[in-house]
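*Asks:* Got these off Swiss-Prot a minute ago, pasting:
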| type | residues | note |
| --- | --- | --- |
| BINDING | THR8, PHE9, HIS16, GLY87, LEU88, ARG89, GLU97, TYR122, SER123, PHE124, LEU125, SER126, SER127, SER128 | ATP binding site |
| BINDING | THR8, LYS40, THR72, ARG86 | substrate binding site |
| SITE | HIS16 | site 'Transition state stabilizer' |
Amino acid sequence: MKILYPGTFDPLTNGHLDLIQRAEKLFGNVVVAVLENTSKKPTFNLNKRLVQIKNAVSHLSNISVISYEGLTVDCAKEVNANLILRGLRAMSDFEYELQIAHTNKSLNTEIETIFLSTNTNYSFLSSSLVKEVAKFGGEIDHMVPDSVERDLKNYFKKD
């Protein structure tokens, strides 16, 4: 079984990585699909985010990392995944994600959305929060993989 895990991952957090590892155990093959969202200005460009994720999952055997633009259901169909993975940190996530899941279902009835609750160790994490902490020199080693930590520290380095 193959599941698609879409997102901007700007940057990848340990919460994202935990979901990827758990999804691999549950579903076998995980395709991490990095959205090239032209309406947002990401901290890291698409290629950097792809490299960050590939480095973080290099020890896992059934993970592929791709980029996409457009509709997530089209990406899922393109990679032959009939499941889409979404992580839930709080009830507020559920309301938003359920709306997206219903929209995706209306676009392609063959694709199901699977929700996994975030590990409580990471339930406070978001990419935005990590960037905010890094910007002000806070410790982020428990929030992101090593390579992402280095990249963030370099990005926010004060001269």
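Every residue gets a Cβ built from N, Cα and C, even glycine.
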*Asks:* Using Cα coordinates, what distance in whole Å links THR72 (substrate binding site) and LEU88 (ATP binding site)?
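*Replies:* Taking the Cα atoms only, THR72 (substrate binding site) lies 18 Å from LEU88 (ATP binding site).
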*Asks:* Given a 10 Å Cβ-Cβ cut-off, pick out the one of the binding-site residues HIS16, LYS40, ARG86 that has the most other Cβ atoms nearby.
*Replies:* HIS16
*Asks:* Grab the substrate binding residues from the record (THR8, LYS40, THR72, ARG86) and give me their largest CA-CA distance in Å.
*Replies:* 20
*Asks:* Once the chains shown are all counted, how many other Cβ atoms turn up within 10 Å of the Cβ of SER123 (ATP binding site)?
*Replies:* 14
*Asks:* Measuring Cα to Cα, tell me the gap between SER123 (ATP binding site) and LYS40 (substrate binding site) in whole angstrom.
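*Replies:* Given the Cα positions, SER123 (ATP binding site) is 24 Å from LYS40 (substrate binding site).
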*Asks:* Give the distance between the Cα atoms of GLU97 (ATP binding site) and ARG86 (substrate binding site), rounded to the nearest whole Å.
*Replies:* 7
*Asks:* What's the number of neighbouring CB atoms sitting within 10 A of the CB on LEU125 (ATP binding site)?
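*Replies:* I get 22 for this one.
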*Asks:* Tell me the Cα distance separating ARG86 (substrate binding site) from HIS16 (ATP binding site), rounded to the nearest angstrom.
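*Replies:* Answer for this pair: 10 Å between alpha carbons.
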*Asks:* When you measure from the Cβ of THR8 (ATP binding site), which residues in the chain that are at least 6 apart have a Cβ under 8 Å away?
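*Replies:* For THR8 (ATP binding site), the qualifying residues are VAL34, LEU35, ASN37, LYS40, PRO42, ARG49, SER127.
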*Asks:* Between GLU97, SER127, which of the binding-site residues has the fewest other CB atoms within 10 angstroms in the structure shown?
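*Replies:* Each of the binding-site residues GLU97, SER127 was scored; lowest Cβ tally within 10 Å is GLU97.
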*Asks:* Roughly how many angstrom lie between the C-alpha atoms of ARG86 (substrate binding site) and LEU125 (ATP binding site)?
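*Replies:* The separation of the Cα atoms works out to 15 Å.
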*Asks:* Using DSSP and three states only, what is HIS16 (ATP binding site)?
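*Replies:* Reduced to three states, the DSSP call for HIS16 (ATP binding site) is helix.
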*Asks:* When neighbour density is defined as the number of other C-beta atoms within 10 angstroms of a residue's C-beta, which of the binding-site residues THR72, LEU88 has the lowest density?
*Replies:* LEU88
